[in-house]
Amino acid sequence: MLDLKRIRTDFDVVAKKLATRGVDQETLTTLKELDIKRRELLIKAEEAKAQRNVASAAIAQAKRNKENADEQIAAMQTLSADIKAIDAELADVDANLQSMVTVLPNTPADDVPLGADEDENVEVRRWGTPREFDFETKAHWDLGESLGILDWERGAKVTGSRFLFYKGLGARLERAIYSFMLDEHAKEGYTEVIPPYMVNHDSMFGTGQYPKFKEDTFELADSPFVLIPTAEVPLTNYYRDEIIDGKELPIYFTAMSPSFRSEAGSAGRDTRGLIRLHQFHKVEMVKFAKPEESYQELEKMTANAENILQKLNLPYRVITLCTGDMGFSAAKTYDLEVWIPAQNTYREISSCSNTEDFQARRAQIRYRDEVDGKVRLLHTLNGSGLAVGRTVAAILENYQNEDGSVTIPEVLRPYMGNIDIIKPN
């Protein structure tokens, strides 16, 4: 959530930045007018309360002097009614301000490229060379079926579209991948966490999913709980409403969890395969850092995600998202896109973001500076390290052989009982 004080004192700069995120000028003007109205009401309330205090003192003095105080009593009653009306109006203004500010996206960092959509994202670097096949490649969903490791038909029967069963070596491959990822992140200083897979509405507000993106989630009927869309939500909210000792920062968390998404607005997109599901596993990285260190930590986090792809020997590229393509809470985001041969393109497999103090303000996550003792908002970062199902898809397609078998990447073999190949049934 943006700081109202910052909006007030630096309105033109904030308005210009938010315009690059698609926020219209009318919304910003209304916000400014509401804030001015709020300050005017606060002044009126203070003045009326001061006058009421004077009237109250005059009544007390009149009673001590055994004088008639009817005029002062009437004046105080009028002032009390005025104060009640001002307070009611102020409550309405505060509610309107709060509802507006909570749906405003974060402002982009100064070095984020300007752009309306994904077509204006900027490529930063590439790693690896896409393999040249001397046979016709298959898509991962066809490979999974022919290998007997992915069952889409029964997933649809048991639940519905965008669900599947992993079985046999498919299940082992999935487990091997996320175990490998967690072990790699542990080497980089991340503390592994098994979080709740359901959270409350306050947690969803804290990380920015609520109230704006409620339709993208699965809420449990007649319950205060929501199925997590990503482990970012419980991990970030771990310190909600807390003050952390500054000496402990930065703090690194990692977790593997299922993620549940309604994929509202995705009808017709990626209807086959592992790219877009209602339920999928993802290894998440979350960091809590001091403001002056957060962008250095973003580079490290992105490198941690890249490390996984490099050890799996999967070609990828890193792009900086433009202002119009960034997520709601992000101030800056790097996407990692892995090469998918059957689609002859790169597809997102990780997104690493610095939200600066945007989530910390919503969730009231603060730290006490060890030098001056002051309490300040910290910065939160989050990143996929990686999306497990998409990693399965990338491995199946990049490691496929002409006979329909799939070679297991060397780093995963110790996690699969040294199996080195998955062959068709």
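Each Cβ is built from the backbone N, Cα and C atoms, and glycine gets one as well.
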### Listed co-binder of L-serine (same site as Thr230, Ala231, Glu232, Ser384, source Swiss-Prot) among Glu174, Glu284, Glu292, Glu293
Glu284
#### Entry: Residue among binding-site residues Ser351, Ser384 with least C-beta crowding, 10 angstrom cut-off
Ser351
### Query
Near Ser262 (ATP binding site), which residues of its own chain have a C-beta under 8 A away, given they sit six or more steps off in sequence?
Glu215, Asp216, Thr217, Phe218, His278
### Summary
Looking only at the binding-site residues Arg261, Glu263, Glu348, Ser350, Ser384 (L-serine binding site) has its closest CA neighbour at Ser350
#### Entry: All-chain count of other Cβ atoms within 10 Å of Ala231 (L-serine binding site)
28
### Query
Between the binding-site residues Glu284, Glu348, where is the Cβ count within 10 Å the lowest?
Glu348
### Task
Quick one: among the binding-site residues Glu232, Glu263, which has the most Cβ atoms sitting within 10 Å of its own Cβ?
Glu232
